[in-house]
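Visitor: Next up is a structure, given as structure tokens.
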């Protein structure tokens, strides 16, 4: 799920509140996996018996899923399963066991810098109209400010709400890096060059939220971001924060 910053009473210091293993698109609408066939629901289990959607990801090839490191820290691979080819979070499609979790070696649990990970499936991910590898941004991908981007996921439709059983999507916009950095300094957050901010700045009401963590952010059908963290969800002043995929292209290609 997406990590949120919580304000400490009567001061501007903040902490990264590590969420429960669960996080929805705010302000979006329902869609289908046929429209976003690279999307995958990542299922977590506390007891290794019952698995439910907790994070999202994007299919990279027949064996690998791109997601966010913070979803998996401290977890054995058998606590996670991968659902591909389904519009629904907890039914349909094909469910794969996870063979390996690869966390970026420079992931920082405090700042959430380098918040990127790859899950390897124990079985082959078949390709069809409901499950297809995503295109990812190259190292020189040019993404300007105020560009329309699309987020998808099964996360909360409002802060503190339950997840959405049906896949949802929302159009938001890229936010200037310096603007995002200065806004988050107000609440103790650190925006690095490895991060990409998106939302509806100074308006709010549209965002990724808890349960959308690890899910892809698309620009012209290319994955440019991986849902990471933010100050609550869909606030006008504070956009959502993603891992910037173009900063990790070589690492993704080497490990996928």
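Keep in mind that glycine also has a Cβ here, set from the backbone N, Cα and C atoms.
Heads up, here are the entries from Swiss-Prot:
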| type | residues | note |
| --- | --- | --- |
| SIGNAL | 1-17 | signal peptide |
| DOMAIN | 25-256 | domain 'Peptidase S1' |
| DISULFID | 55-71 | disulfide bond |
| ACT_SITE | 70 | active site, charge relay system |
| ACT_SITE | 115 | active site, charge relay system |
| DISULFID | 180-197 | disulfide bond |
| SITE | 207 | site 'Required for specificity' |
| DISULFID | 209-233 | disulfide bond |
| ACT_SITE | 213 | active site, charge relay system |
Visitor: Return one of helix, strand or coil for residue 180 (disulfide bond), based on DSSP.
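Guide: The residue in question, residue 180 (disulfide bond), is helix (DSSP, three-state).
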Visitor: For residue 209 (disulfide bond), which DSSP three-state class applies?
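Guide: DSSP call for residue 209 (disulfide bond): coil, neither helix nor strand.
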Visitor: On a C-alpha basis, identify the one among 115, 197, 209, 213, 233 that is nearest to residue 71 (disulfide bond); the candidates are the recorded positions.
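Guide: Among 115, 197, 209, 213, 233, 213.
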Visitor: Hey, of the disulfide-bonded residues listed (71, 180), which one tops the CB count within 10 A?
Guide: 71
Visitor: Within 10 Å of residue 70 (active site, charge relay system) (Cα-Cα), which of the recorded positions 115, 180, 197, 209, 213, 233?
Guide: 115, 213
Visitor: Fewest other C-beta atoms within 10 angstroms of its own C-beta: which of the recorded positions 70, 209, 213 fits that?
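Guide: Per-residue Cβ counts within 10 Å for the recorded positions 70, 209, 213 bottom out at 70.
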Visitor: Determine the minimum-neighbour residue: among 55, 197, 233, listed as disulfide-bonded residues, which Cβ has the fewest other Cβ atoms within 10 angstroms?
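Guide: Each of the disulfide-bonded residues 55, 197, 233 was scored by Cβ atoms within 10 Å; lowest is 197.
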Visitor: Going by C-alpha distance, which of the recorded positions 55, 209, 213, 233 is nearest to residue 180 (disulfide bond)?
Guide: 233
Visitor: If you compare CA-to-CA distances from residue 55 (disulfide bond) to each of the recorded positions 115, 197, 209, 213, 233, which comes out shortest?
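Guide: Closest by Cα distance to residue 55 (disulfide bond) among the recorded positions 115, 197, 209, 213, 233: 213.
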Visitor: According to DSSP, does residue 233 (disulfide bond) sit in a helix, a strand, or coil?
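Guide: The residue in question, residue 233 (disulfide bond), is coil (DSSP, three-state).
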